[in-house]
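Heads up, the thing below is written out as structure tokens.
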Amino acid sequence: MLDLRTIPFWKMHAFGNDFVLIDCLDNNYPITDSLIKRILDRKFGIGADDLILLSNSTKADYKMKVMNPDGSEAPMCGNALLCVGKYIYSKSKVCPKHWTIETFSGIRTITPINEENQLKLRLSMGKPNFNRASKEIFETVKVGPEDILFVSVNTGTPHAVVFVNNLDEYPVSLVGKQIEHHPRFPDTTNVMFVLVEDYDSISIRCWERGGTGESLACGTGACASAYISTLLNYTRNSVRVKFQIGEAKVWIEDDNEISLTGQAEFVYSGQWETRNS
């Protein structure tokens with residue numbers, strides 16, 4: 001007998017980094033690895049960089065789980081948090097001062113901010129995990145004949161930060177894929193390519209692990225890039241991070257707590273039909 005079940009979804013994006021959000025607060029939908037891959041497939045599914053599963057939490061107001069196209073779980077995703085904040089705000093009859101969100105990397109806080117009749121969201125992203133004991137901040141990997149300098153930092157998920165002189169012409173896909181799967185990173189890594197514009201701003205291109213490849217933006221990557229730029233005194237501790245579409249604002253506090261302010265948008269909603277025989 002054929003069992004047809006529909007799963008409501010919302011297609012969303014933050015700075016062009018797109019997601020499919022499924023609200024599991026009241027329903028325990030049968031989300032399998034194969035279903036995740038089908039949903040995220042840009043040719044045969046809805047298509048997105050990642051899948052967001054929003055559910056109840058015993059530790060926070062909500063729980064966010066972010067799944068990659070290859071079926072693996074992303075420990076943290078800043079832009080997914082922006083989308084979750086936008087979604088929760090749209091469903092809230094009374095808006096609290098903030099929401100706490102349980103993630104794989106710990107509890108994060110979303111604070112809604114209304115600026116000029118626009119909803120912006122400020123994310124408390126926690127402290128980076130960075131090995132300051134090493135005298136050498138930069139590490140080197142060989143990609144083809146080239147030695148690539150990078151700085152490794154974890155802002156909820158691992159990042160290799162590479163500073164470049166020309167973002168437009170840089171071989172992001174080639175270098176990003178090589179560093180992602182380099183033996184230096186046994187669990188793989190995201191790779192952020194950073195151009196320092198001036199003391200107040202940087203531009204970045206983002207290579208994400210887990211089968212995503214180059215994405216238009218990465219929230220944890222923006223935090224990683226801003227943190228390392230500030231650490232090296234390339235920028236001040238309040239940094240505009242420019243993506244290919246839009247920009248976020250990142251603050252690094254004196255105690256190294258990082259926050260990010262940005263926006264998310266709804267694209268459309270629909271229902272996914274899943275058939276089980």
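Every residue, even glycine, has its Cβ placed from backbone N, Cα and C.
Look at TrEMBL and you will find Cys77 tagged as active site, proton donor. Taking the Cβ of Cys77 (active site, proton donor) as reference, residues of its chain lying under 8 Å away and at least six apart in sequence are, in sequence order, Asp50, Val66, Gly156, Thr157, Cys218, Gly219, Thr220.
Feature annotation from TrEMBL assigns active site, proton acceptor to Cys218.
What TrEMBL lists as substrate binding site is Asn17, Asn68, Gly78, Asn79, Asn190, Glu208, Arg209, Gly219, Thr220. Mapped onto three states, the DSSP output places Thr220 (substrate binding site) in helix.
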| note | Sequence-ordered list of residues in the chain of Asn17 (substrate binding site) that lie 6 or more positions away and have a Cβ within less than 8 Å of its Cβ, or none, is Asp49, Asn79, Cys206, Ser215, Leu216, Ala217, Cys218, Gly219, Phe243
| Taking the Cβ of Asn190 (substrate binding site) as centre, how many other Cβ atoms lie within 10 Å? | 27
| query | Which value in Å gives the longest Cα to Cα span across the substrate site residues Asn17, Asn68, Gly78, Asn79, Asn190, Glu208, Arg209, Gly219, Thr220 as recorded? | reply | 15
